[in-house]
Structures are given as structure tokens and as C-alpha cells.
Amino acid sequence: MKAIVVKPPKPGVEVRDLSQVIRHGSGTVKVRILENGICGSDREIVKGELTTARPPEGRDWLVLGHEALGIVEDSSDPRFKPGDLVMPINRRSYHGKCLNCLVGRPDFCEANEFVEAGMVGMDGFMVEYWYDDPKYLVKVPKDIADIAIVAQPLSDLEKSVEEILNVQRRFIWTCDDGTYNCRRSIVFGTGSTGILISLLLRTVGFEVYVANRRDPLESEAKITEEAGIIYYNYSKDGLDKLKSMGFDLVVDTTGASASLIGHEVEMLKPNGILGLFGFPSEGELTLRYDVIQRFIYKSNAIVGLINGQKPHFQQALAHLAQWKVVWPTVAKSLITRVVDVNNDKELLQVLNHKERGEIKVKIKWS
């Protein structure tokens, strides 16, 4: 059985023939892999840069991959039948000791005892087939099979938007018509995370800006134009203009210098919120006393955003179906490359390097 294997924390990746069966939880549903998605976390593991990555207990290797689309081959659970398309949930409860884990929300595990498929203590899904627990499988409509792999990263952002809206229920944040149409947001970063959360915010009803340090790529221009998103090059037009405009919501997806966050704080309107998705890779964050005073006086908030769960996968699939209808160009642009798992050269290339303009790269198994 072919699998893509890593040995964290060591760098490197290999295609290996496994003799053992990969089984998760009750393992009552047999799933054959159709395709995997690749994201930055996979590449960090391959390069030995993700310090939290670790194999399952008792061995030194780990099957990579937390984004997957598969087809059910056999099931003893009546909710799933052969031929069903499914996606597995990547973050799962380990001991199930805290209340959040007990009610299916290990994304809020208070004991910090969870596993993450293909990353932390649990084999991933870059493998020909595996046996899984139906609790952690989501059915996928066949009509969106071509873009369904995007549902995993999108699920994290579904939860992010939900969390932002929940925090903002501390006061009345909707407009006088009951919508969010009067609320202005800006997303820093135009990678896959930035593009996807921008699309979600437009779907919810926000006015949306996206910001980067360069002019938009052709693919970004097409997406932002169709979705009604405003692109802003802050290396050309500056950050001070954004501070003077003011935003109800600022989202950082850059994973760049922590110093940018200090500027983003100053862009918040009264009652505004800053969402941080991803981890700064360098720099320091220093806030002057007067900036902190204004932050307090304006009742601003900052929230960390990470990992969706099963309800968010379902929401993501519904939104992908919606986007195929209302934004067909956007939907077609979400998959930027497809690589055959048997093409070793291309496979190693996409597992090690992100391409310019990449949103989602798929590994095709069959």
C-alpha cells in the first residue's frame, strides 16, 4: 500500500510501500483515497520546520497529509455506503478529557491533548486507503467533487468568521438593515488563506479589502473583481491611508513579521476586532502606550483563529456549492495545479515548494 511518509522533526519525504493497515478510532469505514491537498503545514513538516510535528507513539515515521477526498469502499455504519464521497476531519480528540472534546470540539481542547492527522501524533491521509471512524467523516456532494478539497482549509476559516461574529455579539454589530453590509473589513495577505477568508466575508456581506505588498497577480485580479473585493498595494499606497480609513474588522493571514500587527491595531474603528490567523515568522510587536490607550478606549478586541471542526466542514462544502453558481470564475480558480501521485519529480517539487499564485494544489491518486 503506497503512502507518502515523513520522519519529523527530521526533514525529508519519501513514497513508501506500507505493510500495515492505517486505522483510526473504530475504523468501521474503509476509505480509498482519491486526492490530497497540500498546504504550508505539509511543507513545513517536509522541511523539518514544524516543531510541533510528531509521529504516532512507538515509531519514528508519520503518514503525511491532512487534506483529503476519498470514496467509501466498505462500511458497517449505516450512515455511509460504498461509493459515497467523504472528507476526513483532521483534528481529533486524544483522551477526551475536557468538555469541549467530549462534545466534538477538540479545536477548543482545554487539556491540550489532541491529535492532528498528518501532523501531530496521528497518521495522515496521503495513503492508498485507510479505515476510519464515521464520527470524523463528512459526506461530499458529487457536484462539487472537483473543488471539494478546498473545504478543509475553508473549514478553518468558516470557524474563524463564526468566532469573530460570536465575539462581536458583545454589542449590536449588524447594520440598521440587519445585515453586515455597512461593515468594512480588510484582510492582509493574498495567499490561499487570505483569498478564502475574503470570499467568506463577502458571502456574509462585508465590504472587503485585501492587502499585499505588491500589485495583484492575474489570478488574484480575476477573483477579486468577480467577488467585488478591493485590492490594496500597501507598499505603493502606504499603511497610513488604511489607518485613516478605519476598519471594523482586520484579519492578518500573512505569517510575516509581527511588526505588521502593530500597524493593524491602529486601523481598528471603535468596537473593531483584529483576527490573527497563522503565525508570524519573525520580528517583534511593540505598542506605544497611547496606542494601547486608544485600543482600550475604543473597546477593541484581538482574537486568535485556528482549526475548524465537523460543522465547519459542512458549512465549507455548502459555500463551495454556492460559489460555483454565483462566482464561477472564482470557483474555477481555486485549484491551481493537479499532480499525479506517480510523477515522483512533480510530487517532490510541490511538497517542497509553493508556487507563485498558488491557492490549492491537488495530488491525484486515481
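For all residues, glycine too, the Cβ spot is worked out from N, Cα and C.
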Listed co-binder of Zn(2+) (same site as C39, H66, E67, source Swiss-Prot) among Q152, Q168: Q152
N90, E116, Q152, D156, N307 bind substrate per Swiss-Prot; candidate in S41, S257, S259, S366 listed for that same site: S41
Cβ atoms near C39 (Zn(2+) binding site) (within 10 Å, other residues, all chains): 20
Inter-residue C-alpha distance, H66 (Zn(2+) binding site) and N307 (substrate binding site) (nearest angstrom): 12
Zn(2+) site, defined by C39, H66, E67, Q152: further same-chain residues with Cβ within 8 Å of the Cβ centre: N36, G37, I38, S41, D42, G65, A68, N90, G118, I149, P153
Other residues, Cβ within 8 Å of S41, N90, E116, Q152, D156, N307 Cβ centroid (substrate site): H66, E67, R91, A117, M119, P153, S155, G308
Among S41, N90, N212, R214, G278, which are recorded as binding-site residues, the nearest neighbour of Q152 (Zn(2+) binding site) by Cα: N90
Separation of alpha carbons, G278 (NADP(+) binding site) and N307 (substrate binding site) (Å): 11
